[in-house]
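Presented below is the structure to which this report refers.
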Amino acid sequence: RTCNKTFSDQSKICPPGENICYTKTWCDAWCSQRGKRVELGCAATCPKVKAGVEIKCCSTDDCDKFQFGKPR
């Protein structure tokens, strides 16, 4: 499986056993100025999240695309 990774402009091959791609988003103290924080990566199962955190999981190559906004 290949998934997009945080801080990379190219998808990466996931480690053996990690066949799920995920996109996790949440707000921090800078959310109103910078937008939501984003984490992209691979996992063996869809990660569990806390309140206020959104996660999307998928199981095809490079399915964890995220449209980053333009800096202000």
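Placement of Cβ uses the backbone N, Cα and C atoms for every residue, glycine included.
What Swiss-Prot says about this one:
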- Cys3-Cys21: disulfide bond (DISULFID)
- Cys14-Cys42: disulfide bond (DISULFID)
- Cys27-Cys31: disulfide bond (DISULFID)
- Cys46-Cys57: disulfide bond (DISULFID)
- Cys58-Cys63: disulfide bond (DISULFID)
Cys63 (disulfide bond) to Cys27 (disulfide bond) - Cα separation in whole Å: 22
Cys21 (disulfide bond) versus disulfide-bonded residues Cys27, Cys31, Cys46, Cys57 - nearest by Cα: Cys57
Other C-beta atoms that fall within 10 angstroms of the C-beta of Cys3 (disulfide bond): 26
The one of Cys14, Cys21, Cys58, Cys63 whose CB sees the fewest other CB atoms within 10 Å, among these disulfide-bonded residues: Cys58
Euclidean distance between Cα atoms of Cys31 (disulfide bond) and Cys14 (disulfide bond), Å: 29
Top Cα neighbour of Cys42 (disulfide bond) in the set of disulfide-bonded residues Cys3, Cys27, Cys31, Cys57: Cys3
Those disulfide-bonded residues listed as Cys31, Cys57, and which of them has the most Cβ atoms within 10 Å of its own Cβ: Cys57
Residues satisfying Cβ distance under 8 Å from Cys27 (disulfide bond), sequence separation of at least 6: Lys36, Arg37, Gly52
Neighbours of Cys46 (disulfide bond) among the disulfide-bonded residues Cys3, Cys31, Cys58 (Cα to Cα, within 10 Å): Cys58
Sparsest Cβ surroundings (other CB atoms within 10 Å) among the disulfide-bonded residues Cys42, Cys46: Cys46
Cys21 (disulfide bond): secondary structure state under DSSP, collapsed to three categories: strand
Nearest-integer angstrom distance between the alpha carbons (Cα) of Cys57 (disulfide bond) and Cys3 (disulfide bond): 11
